[in-house]
Amino acid sequence: MIRKAFVMQVNADAHEEYQRRHNPIWPELEAVLKSHGAHHYAIYLDQERNLLFATVEIESEERWNAVASTDVCQRWWKHMRDVMPANPDNSPVNAELKEVFYLQ
């Protein structure tokens with residue numbers, strides 16, 4: 001498994017809405033993530049700084065990257081763009097984090 005972590009932002013007035021939209025996520029999005037090898041996906045909110053920290057274990061970079069081209073992912077990004085900064089393609093603005101410690 002490959003462990004990934006990344007940071008995103010959520011609009012200051014959208015914390016509750018962001019959480020509501022993720023509880024639960026669309027069943028078809030969950031199915032796509034799982035079928036593309038994503039496991040143990042978690043998102044954490046830093047309310048003071050409006051930051052979202054995400055962690056996920058993936059089976060391969062290629063399968064993970066392929067999620068972005070699925071119809072359901074494209075629809076999800078469009079659905080979320082009003083509660084968080086988004087790129088021109090509607091994907092959330094994010095930055096990958098470098099793992100500096102891991103205790104198994």
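Residue positions begin at 1 at the first shown residue.
Every residue, even glycine, has its Cβ placed from backbone N, Cα and C.
A simple way to gauge crowding: the CB of Tyr18 (substrate binding site) has 19 other CB atoms within 10 angstroms, across all the protein chains here. Annotated substrate binding site per Swiss-Prot: Tyr18, Tyr41, Trp76, Trp77, in sequence order, evidence recorded as sequence analysis.
Long-range Cβ contacts of His22 (active site, proton donor) within its own chain (separation 6+, distance under 8 Å): Ile43. Secondary structure at His22 (active site, proton donor), as computed by DSSP, is coil. The active site, proton donor feature in Swiss-Prot is assigned to His22.
The substrate site is defined by Tyr18, Tyr41, Trp76, Trp77, and by the 8 Å test on Cβ atoms against their centroid, the other residues of the chain that qualify are Arg21, His22, Ile25, Leu29, His79, Met80, Pro92. Across the residues annotated as binding substrate (Tyr18, Tyr41, Trp76, Trp77), the widest Cα-Cα separation comes to 17 Å.
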